[in-house]
Amino acid sequence: MLNIGPFSFHSRLLLGTGKFPDFDVQQKAIDVSEAEVLTFAVRRMDIFDAKQPNLLEKLDVKKYTLLPNTAGAKNAEEAVRIAKLAKASGLCDMIKVEVIGDDRTLLPDPVETLKASEMLLEEGFIVLPYTSDDVVLARKLQELGVHAIMPGASPIGSGLGIVNPLNLSFIIEQATVPVIVDAGIGSPADAAFAMELGADGVLLNTAVSGAKDPIKMAQAMKLSIEAGRLGFEAGRIGRKRCATASSPLEGMSVVE
């Protein structure tokens, strides 16, 4: 089970809802992924205008936990305003904090992310900050009392996969809250690797919505995350420089 604050989920796959070709493909991909948590950008959806069609109208929202995010925020104050808008609309108190500090790389602003997380915790939100693979920043966020850490594998939408597995492993080893690898996942192998490192979950979007067949990719991601978690729990063998025979040598007959 993936436990985040008061919530418990069977699926360790969190799925973003943007960039799908159409609502039908989106719905089918969500269904086969078996994701229980769906994230969306509040600023890209007019949640107060009943005339504007959006995700919330198309989905049976009772089946899912919705995770609004603060994408588009440039500072802590903007992130808090967006989070409060989501809460005022009757959505979940759980919020993904996303404060971008650089438009080219879309990497998060560490100072504003810390500030926004602290402010939202004081407001009673369940806070999941998107952060870089900075080990010290992850620890400081954890010390604030956030409910999960969401380090990026690589820049948002890049599909580069996990570019710094060492840092991710350090973040996971020191964590006392769930670690959900977020951003940059490009393939099922990337998702499985994140889980093999010991991540508690993976959040992805473009890897599915941008695939040639988003529905098949959603299923592939589901299976790879399950396989990666099983592999982590099973415990991989150690790496060795030299070969070790897989068959015992004792009792073998000698051919003369």
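Heads up, the Cβ atoms here are built off N, Cα and C, so glycines get one too.
As recorded in Swiss-Prot, the features of this protein are as follows:
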ACT_SITE  Lys96  active site, schiff-base intermediate with DXP
BINDING   Gly157, Ala183, Gly184, Asn205, Thr206  1-deoxy-D-xylulose 5-phosphate binding site
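The binding-site residues examined here are Gly157, Gly184; by Cβ neighbour count within 10 Å, the least packed of them is Gly157.
Most Cβ neighbours within 10 Å, among the binding-site residues Asn205, Thr206: Asn205 holds that distinction in the structure as shown. Here Lys96 (active site, schiff-base intermediate with DXP) is positioned 14 angstrom away from Asn205 (1-deoxy-D-xylulose 5-phosphate binding site), judged by their C-alpha atoms. Sequence-distant neighbours of Ala183 (1-deoxy-D-xylulose 5-phosphate binding site) (same chain, 6+ residues apart, CB-CB distance under 8 A): Tyr130, Gly152, Ala153, Ser154, Pro155, Ile156, Gly157, Ser158, Leu203.
For Lys96 (active site, schiff-base intermediate with DXP), the count of additional Cβ atoms within 10 Å of its Cβ stands at 27 [all protein chains shown].
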